[in-house]
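These come from Swiss-Prot:
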TOPO_DOM  1-25  topological domain 'Extracellular'
CARBOHYD  ASN5  N-linked glycosylation site
TRANSMEM  26-46  transmembrane segment
TOPO_DOM  47-54  topological domain 'Cytoplasmic'
TRANSMEM  55-75  transmembrane segment
TOPO_DOM  76-99  topological domain 'Extracellular'
DISULFID  CYS97-CYS189  disulfide bond
TRANSMEM  100-120  transmembrane segment
TOPO_DOM  121-139  topological domain 'Cytoplasmic'
TRANSMEM  140-160  transmembrane segment
TOPO_DOM  161-197  topological domain 'Extracellular'
TRANSMEM  198-217  transmembrane segment
TOPO_DOM  218-237  topological domain 'Cytoplasmic'
TRANSMEM  238-258  transmembrane segment
TOPO_DOM  259-271  topological domain 'Extracellular'
TRANSMEM  272-292  transmembrane segment
TOPO_DOM  293-319  topological domain 'Cytoplasmic'
Amino acid sequence: MFPANWTSVKVFFFLGFFHYPKVQVIIFAVCLLMYLITLLGNIFLISITILDSHLHTPMYLFLSNLSFLDIWYSSSALSPMLANFVSGRNTISFSGCATQMYLSLAMGSTECVLLPMMAYDRYVAICNPLRYPVIMNRRTCVQIAAGSWMTGCLTAMVEMMSVLPLSLCGNSIINHFTCEILAILKLVCVDTSLVQLIMLVISVLLLPMPMLLICISYAFILASILRISSVEGRSKAFSTCTAHLMVVVLFYGTALSMHLKPSAVDSQEIDKFMALVYAGQTPMLNPIIYSLRNKEVKVALKKLLIRNHFNTAFISILK
């Protein structure tokens, strides 16, 4: 087969989960459920943050950004797969594949930057409460959020530009359900050492370094909490950090497990199932964690329900 630049390929074919015909319907149902919960949960968090003035704080600005990128990340990966399952085609155009790969890289990278910024926000709120309004003013918060998006989008562009010139070995069959960059590299028949180096550098910048910043922030937070004399004060401080810590563990745990998986013959099959967790489960659980663990969100929802004359029986469930 003659090598060709992958931009010359008009259509790519996904193998998806066709190797597992007995569980395809189950996978489709689970993915559809996860996607719907992701959409509803994250739209709910964004909406309630906008509607309730008490939630117009740095923490909820960052949380709204997290919800927004979770919607885009999940939509870029799951919605084409669900559409292909219904239509039975399992194909994607070059432009669609490139867009899907870029969105996946950009949203994942942005979250890697945004999570340590959220940890820093919690650090300032607990360790420097009197200076918090000055340090985390509106301008600073907007700059942090914009910087996170710019960093994620630029690193994704660098990775994309390193892959586009590569030549394929006449093969356009992707052993995945999405245009994941590692799955695309499996089709390349030229040396990919430069691309692998670029990806390694970006991975180090976006995984271990943010994790280190988060650990440092929470080390200071823990030290400050232990110095709080009242039990109520400690409980309140812990509650403001628990939800973020759960999201951090969920996100980085999944990301690291994808990078530290065993190098086996069927590693591509492992990649597909782990990508489902990364693209479906994590964005789905984020709004659930923040809603159930956050008293302010519950209070805001109660106010919204009362304002719109909803059934008081439903309000009592939130108590």
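Any Cβ shown, glycine's included, is placed from N, Cα and C.
A quick note: this is a predicted structure, and the numbers were derived from the prediction, not measured.
When each of 26-46, 55-75, 198-217, 238-258, 272-292 is scored by its Cβ pairs under 8 Å to the transmembrane segment (100-120), the top-ranked stretch turns out to be 55-75.
Counting residues per DSSP class in helix, strand and coil order gives 16 helix, 0 strand, 4 coil for the topological domain 'Cytoplasmic' (218-237). Counting only same-chain residues 6+ beyond the ends of the transmembrane segment (55-75), those with a CB under 8 A from a CB of the stretch are 34-35, 38-39, 41-43, 45-46, 48-49, 103-104, 107-108, 110-111, 114-115, 117-118, 121-122, 125, 136, 141-142, 144-145, 148-149, 152, 240, 247, 279-280, 282-284, 286-287, 290, 296-297, 300.
Away from its own ends, the transmembrane segment (198-217) comes close to residues 109, 112-113, 115-116, 119-120, 122-123, 155, 158-159, 162, 181, 248, 252, 255-256, 259 of its chain (Cβ-Cβ under 8 Å, at least six residues beyond either end). The recorded stretches the transmembrane segment (238-258) and the transmembrane segment (26-46) do not share 3+ CB pairs below 8 A when only pairs 6 or more apart in sequence are counted, and are therefore not in contact.
Look at CYS189 (disulfide bond): DSSP puts it in coil. For the transmembrane segment (272-292), the list of distant contacts is 16-17, 27, 30-31, 34-35, 37-38, 41-42, 44-45, 63, 66-67, 70-71, 73-74, 77-78, 104, 108, 175-178, 180, 243, 246-247, 250-251, 254-255, 257-258, 261, 298, 301: same-chain residues at least six beyond its ends, Cβ to Cβ under 8 Å. According to DSSP, CYS97 (disulfide bond) sits within a helical segment. Taking Cβ pairs closer than 8 Å, the topological domain 'Extracellular' (76-99) reaches residues 6-7, 9-16, 18, 24, 28, 31-32, 34-35, 107, 160, 164, 174, 177-179, 184, 275, 279-280 in its own chain, all 6 or more past its ends. Counting Cβ atoms from all protein chains shown, CYS189 (disulfide bond) has 15 others lying within 10 Å of its own Cβ.
Sorting the topological domain 'Cytoplasmic' (47-54) by DSSP state (H, G, I as helix; E, B as strand; all else coil) yields 7 helix, 0 strand, 1 coil.
The average pLDDT computed for the topological domain 'Cytoplasmic' (47-54) is 84.
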